[in-house]
């Protein structure tokens, strides 16, 4: 029953719907008490031979009318009750998605995608079923059960009623024990389903890699193991579930046996008429539904309670980064980074130390360094995926922690290392941040990203569907479409996180030239492994082991002893060797 207490906030808000449904349920329960009474009257009237045919037909017509009214009222309360429960599903999913969208990368490191999807679908469905069918079953069984007991006790015989219901306390104890066991086992079954869902999602999104490495059999075996584990845990739930109905039917059978035995003795003794015993047995038949419903309700509610506890656990997780209260001031501003130290949550080793620089509007910053040196961490801090533990980052001389997240991020356009495209047209992917952009604006940024000609060569040009995650496109095309998408936003700060790694040197040079022209008055931050992408930067910082090892422009660093010069010379030599065969072929042709 704790689920109903946990959902009391919703029941209080939708009290009109639920109260209306409950009122109709009470009316229906009262109407259903009439037919057994009528049957008893008719039986006594027929056995005593004082009923006419007209009287019998009148009572039959009364029962038919009651059946029609009950049918109509059941339709109305179902609309009221289930309409309210479906609205709960909408709100739970909206709250859940809003919570997921507020979370930051650290959250998604701890939670698997398949598990998050299972909570949004399967768990919410269980809660909604409990809020609809569970409430209906609870109210219907209580109202009907109490009404029938009152009629049996007051209108027929309280002694026979008490005698026939002796098995009920044992049944209630068994249902409570089974309900508690069901709650725990269902939580385990839902967790297993989440793992299976996660395995499915991972396998489908990585199907190309699986085929490339010939891992189909291995993945099938892993999936089969997860499916078997899920099946076993659901079977454990089914074993508990299967105990409910036998418990109810044994109790009902015992109650009928006691009622027939005790009632027959009372008829022989003259304290009951045959019609009253017939009515009593019909009332006892009406008790079958409340007893079955009670067991079913425990089943539904315990499943819903286990599911809701999983949803609440997710909704209760506070974001690592808290929203600020101040909007970002209008106009272009200076970005000041002053990081004394930053350490990732649940780790001891600092990821960044003593990183300081200032960027004025119109400047371009290049960031380079070996793998794992802290480049992406620095960009994550600028985007406020995490907050600096010691030091701060300021914009317009205001710490980012004081700025509204939405307001700050609206000033950023980011292209990450792994560009993500939606299963939509090329044009819609470019216009993601500006849905009202014109075709001319879309084509303009595509030209700036040097992808316009590639798009025109696609089957339907800008209207070509790119497939899930852009599966129809090459890596370089996906990167350039992502760059075009960022440029269309026309943000004040553009961040490219190794976003040119999949394009050739000539295309890279053209894109950087276009960015330089486009970026007049804007701040551009480029992180790259290929140093040719940084030659036009106003300043370059070389990251090593989480701190700045070198800084300066390209000309200075190319002459200065250190990582930058060594890597630049190596890449120049590598490029020259790659061009050598082509040069030799041209010489032979000459």
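For all residues, glycine too, the Cβ spot is worked out from N, Cα and C.
The ATP binding site annotation in Swiss-Prot covers 369, 370, 371, 372, 373, 374, 375, 376 and rests on sequence analysis. Look at Swiss-Prot and you will find 18-303 tagged as domain 'ABC transmembrane type-1'. Taken from Swiss-Prot, the feature domain 'ABC transporter' covers 337-570, and the record attributes it to sequence analysis. According to Swiss-Prot, the transmembrane segment annotation covers 23-43, 53-73, 134-154, 155-175, 248-268, 280-300.
Put simply, of 53-73, 134-154, 248-268, the stretch with the most CB pairs closer than 8 A to the transmembrane segment (23-43) is 53-73. Packing against the transmembrane segment (53-73) from elsewhere in the chain are residues 24, 27-28, 31-32, 34-35, 38, 41-42, 45-46: each is 6 or more residues past its ends and has a CB under 8 Å from a CB in it.
Considering only the binding-site residues 371, 373, 376, the Cβ with the fewest other Cβ atoms within 10 Å is that of 371. Within its own chain, the transmembrane segment (134-154) has Cβ neighbours under 8 Å at 3-4, 18, 21-22, 25-26, 29-30, 32-33, 36-37, 77-78, 81, 85, 160-162, 165, 280, 283-284, 286-287, 289-291, 293-294, 296-297, 300-301, 304, counting only residues six or more beyond its boundaries.
Below 8 angstroms of C-beta separation, residues 157, 159-160, 163-168, 170-171, 274, 277, 280-281, 284, 287-288, 291-292, 295 of the same chain, each at least six residues beyond the ends of the transmembrane segment (248-268), sit close to that stretch. For the domain 'ABC transporter' (337-570), the model gives a mean pLDDT of 88. Secondary structure at residue 375 (ATP binding site), taken from DSSP and collapsed to helix, strand or coil, is helix. Sequence-distant neighbours of the transmembrane segment (280-300) (same chain, 6+ residues past either end, Cβ-Cβ under 8 Å): 32-33, 35-36, 39-40, 129-130, 133-134, 137-138, 140-142, 144-145, 148-149, 151-152, 156-157, 160, 164, 168, 171, 175-176, 178-179, 182, 241, 244-245, 247-248, 251-252, 255-256, 259-260, 263, 272.
Shown in sequence order, 543, 544 are the same-chain residues outside 369, 370, 371, 372, 373, 374, 375, 376 whose Cβ sits within 8 Å of the Cβ centre of the ATP site.
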